[in-house]
Amino acid sequence: MANINPNFIKHIEQELPEHLNIDDLIEYCQRPLRKSIRVNTLKISVDEFKQLMHPHGWQFEPIPWCDSGFWITVEDDANLGNLVEHLQGLFYIQEASSMLPPTALFSACDNDDFSDHYVLDVASAPGSKSTQLAALMNNQGLLVANEYSSSRVKVLHANVQRMGVSNCALTHFDGRVFGEYMYEQFDAILLDAPCGGEGTVRKDANALKSWDISDVEAIGDTQQDLIESAFLALKPGGSLVYSTCTLSRAENQAVCHHLKQVFGEAVEFESLANLFEDADKATTEEGFLHVWPQIYDSEGFFVAKINKLTSVERAKKQPKPQRKFPFSDISSKQLSQLQVYLDNIGLSIPEHFNAKVRDEEIWLFPQAFDEFVGKMRFQRIGFKLADILKKGFKIRHEAVIALTTVDTNNQIDTQHRFELTPEQAKLFLMGRDIQVSELNDAQQTKLASYNNGELIVTLHQVTLGVMKFLGHRLKNGLPRDLVHDRVYHY
Ligand SMILES: C[S@@+](CC[C@H](N)C(=O)[O-])C[C@H]1O[C@@H](n2cnc3c(N)ncnc32)[C@H](O)[C@@H]1O
């Protein structure tokens, strides 16, 4: 039972639009949330995913504002996070209303070519919206995903990796720096701001227990700084989405109005009334979506879309470029050796990626990143492809995932894939080796055509990782930090 502070009820009653009433709000705050997921279209199509899960009793109800989002009915939803299909990144457990901001950000993009698109997610951990943005961008262009909290950067990276996002560069800054370092560099920016979380009470029964108006007021300065900085980092003609999972106007409408006060005519509020059928039920007079929990039976959320009509004066000078960038271009000799190695395991370097070398490591950077070299410090760019050994190379787990996701039309051929059974996939994700004697006849026959060496293991024809065939066993190549204690399969 949600614990709602009476002061919150008094406060929010004043802010409710006329057509909604406080009793409904309180009643909905007490209801458990409907379970929702987003299919990761970087790895599997929506139809294929449904076909896969239907036999296990999954039922899907479409979420009107996200083509790959569904409310699901499933027998045992407590273990969804440990399901093989979740761990292999076929879906993301994401609250329905949290799928709104990425949809709103790209609502005007009428073609699918994002190859020269620069996108920033200012506050991105744990990564639900970043991974949704990357899927909408089809892994093209460049997505800069920033997070201020170091522990949350790790979770962000894990999700980016799990979902096969390869067009991403991670940064770890206070989001206030982007206006200065990245002045007018991005075509689209999402600011899913730190907030009071009033809309999350259906998932966290204590979210409103010790609510106090001073907390709402205290966070306003940070939100105003962040939105100003994001607006400065936006190219003229670009779009910014400001979103929160809170309900008070001070953290929502007031922050957007503050931006308009600062930048005047350069700021245009774009109406989201036609974003999906029935969007008008949540639309404010400015055209923002103020999603009260009772409107779509969801968490509370706020989404504003803001266009930058003209360039604005920057507040500070461009900082000096970073002098030492620790990566260099790969030599043509090493590149051709690498290509031979990759070819042997059925992989290749995709278009729009550049191979870079640092110490004994080879990385693949999205080509679009070139423009950003030296502009600021990046935690990770693209993905680590391989280690350079005395003789040859050793492919990295994250590369096998990213390379087989980067272009779903260019999947590795079946000759190079080794399909596991669900039980074997579970063992793989638990870090175990598999003895050749444990394989079924068809698998043993297939293995007979391989030489000893690395092979890419799959489940449902989607990559799980890499194993090394040693004659009598398949040696597990999962990095330690990705080994799971509990894994379920159907
Ligand atoms: C609402 S959460 C983001 C959720 C995320 N966008 C997602 O969809 O998974 C807000 C995030 O902002 C981060 N944050 C807090 N202060 C920040 C700042 N000054 N600059 C950037 N991020 C900040 C928090 O650590 C938190 O991860």
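One-based numbering along the chain as shown.
Glycine too: its Cβ is placed from the backbone N, Cα and C atoms.
Unlike curated records, TrEMBL annotations are generated automatically.
The domain 'SAM-dependent MTase RsmB/NOP-type' feature in TrEMBL is assigned to 25-309.
The S-adenosyl-L-methionine binding site annotation in TrEMBL covers Ala123, Ser124, Ala125, Pro126, Gly127, Ser128, Lys129, Glu147, Asp174, Asp192. Listed in sequence order, the residues of the same chain lying 6 or more apart from Lys129 (S-adenosyl-L-methionine binding site) and placing their CB within less than 8 Å of its CB are Ser98, Pro101, Pro102, Asp121, Leu190, Asp192. DSSP assigns Lys129 (S-adenosyl-L-methionine binding site) to a helical segment in the three-state reduction.
Neighbours of Cys245 (active site, nucleophile), defined as other CB atoms within 10 A of its CB across all chains, total 23. Feature annotation from TrEMBL assigns active site, nucleophile to Cys245.
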Mean of the pLDDT scores, which run from 0 to 100, over the domain 'SAM-dependent MTase RsmB/NOP-type' (25-309): 96
Cys245 (active site, nucleophile) and Gly127 (S-adenosyl-L-methionine binding site), Cα-Cα, nearest whole angstrom: 15
Alpha-carbon spacing, Cys245 (active site, nucleophile) to Ala125 (S-adenosyl-L-methionine binding site), which is rounded to whole Å: 14
For Ala123 (S-adenosyl-L-methionine binding site), the number of other Cβ atoms found within 10 Å of its own Cβ: 22
S-adenosyl-L-methionine binding residues Ala123, Ser124, Ala125, Pro126, Gly127, Ser128, Lys129, Glu147, Asp174, Asp192: largest Cα-Cα distance, in Å and rounded to whole number: 19
Largest tally of Cβ atoms lying within 10 Å of a Cβ, found at which of the binding-site residues Ala125, Gly127, Asp174: Gly127
